[in-house]
């Protein structure tokens, strides 16, 4: 039967953990600037954005996600409470060649990557006699190969161990419900072992994605490539390694994002006050790349947010892409999801263009949506729900 006019096409499930408290890990070989990057990211966040900053663990922090739409709502409502969206970032100790076989505490570090949901793959493209390189000389393309292969080898070990168990059950005519998983694992084996490729590039079906999500393979995680330049190269926008790194990424991870930055440049910015920062950025004709990195990392986790906004609070509520209105309401309170009646929605752009909620309503830009509505990034939403005693207005004051 053809779908109804207003039905949405069926969405494939997302690869990765389901949830909103997802983490992105900083991965690379030793001495490429991971901790420097982590420190400037966390140090710059609170002072620059005037948001509360929280260190979860010594090597894990959450950083506010910058957004001009959020800033506009804060300026418009001047609320008592301000809560942005956050990106959880983990600094993972350096991986060395042979990590998948346990070299250099490799298994511990690889398990830390497994606990993350996406990867900032950081490589070093600067010379510094005071910072030795674990492989003796700087070669970011070689470093990319090392990390890429160590992740694949760890997945190979994980796959073969679990495939062997499945094979024994399926071959004996055991649990027939495991046959689709077994078939998916054979497809994964072909890509990972026979073709020696990472898993995130394939067009997997829903059964395959179930298997990928069950075993949380490292090479199925989204990767964003960060290239750490010297401040001199960053300012002059030239580095001999960048074309070679881009060539490697285009060949081995087509479509992946590459963001050059300079830990040294960012560190200098953290030591300046706001006026000095602006003057230095004007002088060098360069800006901090941290905002771009944070936003890219957040989107790489398949996350987005909707806003609730009023004089008491402006808040960005993190959801996964494709979330329906009742589940989005449940982010605020479980009662909102259980008793969901409708969502009253304005797109941010409509609110800004019309100048107020009343004007948006008058212009027909304030819409009532039912439980099949898929929330869009940047929606301003007021939920109506039934809490048993009658209609309640879940509008943020």
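Every residue, even glycine, has its Cβ placed from backbone N, Cα and C.
Copied over from Swiss-Prot, here are the features:
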- 31, 32, 33, 34, 35, 36, 229: ATP binding site (BINDING)
- 35, 55: Mg(2+) binding site (BINDING)
- 22-281: domain 'OBG-type G' (DOMAIN)
- 302-385: domain 'TGS' (DOMAIN)
- 132: phosphothreonine (MOD_RES)
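Where Swiss-Prot records a feature, it is marked here on the structure.
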{"residue": "32", "record": "ATP binding site", "Cβ contacts under 8 Å, 6 or more apart": "94, 122, 123, 124, 143, 228"}
{"residue": "33", "record": "ATP binding site", "Cβ contacts under 8 Å, 6 or more apart": "122, 124, 228, 263"}
{"residue": "34", "record": "ATP binding site", "Cβ contacts under 8 Å, 6 or more apart": "26, 27, 28, 91, 92, 94, 122"}
{"residue": "35", "record": "ATP binding site", "Cβ contacts under 8 Å, 6 or more apart": "91"}
{"residue": "36", "record": "ATP binding site", "Cβ contacts under 8 Å, 6 or more apart": "228, 263, 264, 267"}
{"residue": "229", "record": "ATP binding site", "Cβ contacts under 8 Å, 6 or more apart": "125, 126, 239, 260, 261, 262"}
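A 10 Å cutoff on Cβ-Cβ distances gives residue 31 (ATP binding site) a total of 16 other Cβ atoms nearby, all chains included. In the domain 'TGS' (302-385), helix, strand and coil residues by DSSP number 26 helix, 35 strand, 23 coil. Confidence for the domain 'OBG-type G' (22-281), expressed as mean pLDDT, is 86.
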